[in-house]
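Colleague: Quick paste from Swiss-Prot:
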{"type": "BINDING", "residues": "V17, D38, K43, Y69, G83, A84, S105, A122, T123, N124, S147", "note": "NAD(+) binding site"}
{"type": "BINDING", "residues": "Q86, R92, N124, P125, V126, D127, D152, S153, G154, R155, T233", "note": "substrate binding site"}
{"type": "BINDING", "residues": "R157, H172", "note": "beta-D-fructose 1,6-bisphosphate binding site"}
{"type": "ACT_SITE", "residues": "H179", "note": "active site, proton acceptor"}
{"type": "MOD_RES", "residues": "Y224", "note": "phosphotyrosine"}
Amino acid sequence: MIQRNINRVALIGAGSVGSSYAFALLNQSITEELVIIDVNEDKAMGDAMDLNHGKIFAPNPTKTWYGNYDDCKEADIVCICAGANQKPGETRLDLVEKNLKIFKSLVDQVMASGFDGIFLIATNPVDILTYATWKFSGLPKERVIGSGTILDSGRFRFLLGEYFDIAPANVHAHIIGEHGDTELPVWSHADIGGVPVEELITRNPEYKMEDLDQLFVNVRDAAYHIIKKKGATYYGIAMGLARITKAILNNENSVLTVSTYLDGEYGEKDVYIGVPAVVNRTGIREILELTLSETEQKQFTHSSTVLKEILNPHFKEAR
């Protein structure tokens, strides 16, 4: 893996998510170099120009330019945001066929550059495409990471914070599983400032589990509501991607709910799925295996099964 004094992120895909991610990187000065790659050269060039014009207002200047796949050779992270977008009424899994073809071409071109860093995948269905990137690239599983349920967990913490009138930073809760319709809340490990959420419910009649069940539905279906209102989701996921990038480049050893490869954890194998993991400069340092309730384990197994059923027709020989 490349170790340089200057951090470089290569962004592939300058659509709504990609450009929002680039904006977040510059505003937080997360990387020293950012190269933008897109099939639409004018869009990528325009983004690079626009971002450079605002660079003096950022905490630190980030060298930003429009480039090509050769620039991936010295990248520490290649973040892929390219692909077909989710349309109203379309699930993330409906996008599989279209995006697998796109990803094969993208990953092949990145690897041909001599890239030896970490892949960060955002394109949906993210768990499927992260697995595909791992297979296409031949990189160690620890160095291929998907955004997974980082945004779902962020939505979860935000809405729980609203419900209990507590800052989201003091809400500790995870959404795990597929980034999609079969994801699940881990109520057994959700707490507010160290006090279990389930205990808060029993202590105070003002709080009801029925409310929290609906709260989770709002988390799960958030993307559909946002897509219906504005056509796409991009700010939240871009900020989540920036958070993962920061954890990698700063060697933070931070616990984030990302899509990572399971090899026996949670009773599952050969699948990329959203779980809490320790993220640092090497990628995934380790997976944190939560002790799930019986119901949660069944739901997680179902989520994993759904993903495997989608993967099987495309990677049957490899599996």
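Numbers run from 1 along the shown chain.
Even glycines carry a Cβ here, placed using N, Cα and C.
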Colleague: At its widest, how many Å does the recorded NAD(+) site span between Cα atoms of V17, D38, K43, Y69, G83, A84, S105, A122, T123, N124, S147?
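Modeller: In whole numbers, the farthest two Cα atoms are 24 Å apart.
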Colleague: Out of K43, G83, S105, R157, H179, point to the one nearest V126 (substrate binding site) in space (Cα versus Cα); all of them are recorded positions in the record.
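Modeller: It is H179, whose Cα lies nearest.
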Colleague: Can you give me the Cα-Cα distance between K43 (NAD(+) binding site) and T233 (substrate binding site) in Å, rounded to a whole number?
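Modeller: Given the Cα positions, K43 (NAD(+) binding site) is 19 Å from T233 (substrate binding site).
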